[in-house]
Amino acid sequence: MKKQGVLHRDLAALIASLGHRDAIVVADSGLPVPPGVNCIDLAVTKGIPPLLPVLQVILYEMVVERVVIADELQVNQSLVKSIADEVTPVSLEVVSHEQLKSLSQRARAVIRTGEWTPYANVILYSGVAF
């Protein structure tokens, strides 16, 4: 039994299976999951779990080379700053929400949280550890 890091079986398996430049989306509770894209649904109720702690645990185990958020999220500078702080030294790439939804069609999975903040979605692209 694992004692730290990602304990959710499906999420741990997803992270372990990622190859270079594979994408996953850590999403709020409202992002539509594209047909054919796996959804790992962590949402329990409104706000639980929030996006940021889920992102932190994923980043503990995942090498990330690119991060994308929606321009519309920038109205919530507190959350944007928290996300930017977590993914440093990688910078945030900002696209429209429509572009983010389009990019999510090529993701390996959408990890749905209980986050109740509009546009609180983050696409993580896998890097390499060497």
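Just so it is clear, glycine is given a Cβ too, placed from its N, Cα and C backbone atoms.
These numbers come from a predicted model, not from an experiment.
The Cβ of H20 (active site, proton donor) has 10 neighbouring Cβ atoms from other residues within 10 Å, across all protein chains displayed. Residues annotated as active site, proton donor in Swiss-Prot, with sequence analysis given as evidence: H20.
Here Swiss-Prot flags D28, H97, Y119, A120, N121 as substrate binding site, drawing on sequence analysis. The Cβ of Y119 (substrate binding site) lies under 8 Å from the Cβ of D28, I69, A70, E72, L73, N76, H97, each of these being in the same chain and 6 or more residues away along the sequence.
Cα of H20 (active site, proton donor) to Cα of A120 (substrate binding site): a distance of 24 Å.
Long-range neighbours of N121 (substrate binding site) (same chain, six or more residues apart, CB within less than 8 Å of its CB): V25, V26, A27, D28, L31, I69, A70, L73, L100, S104.
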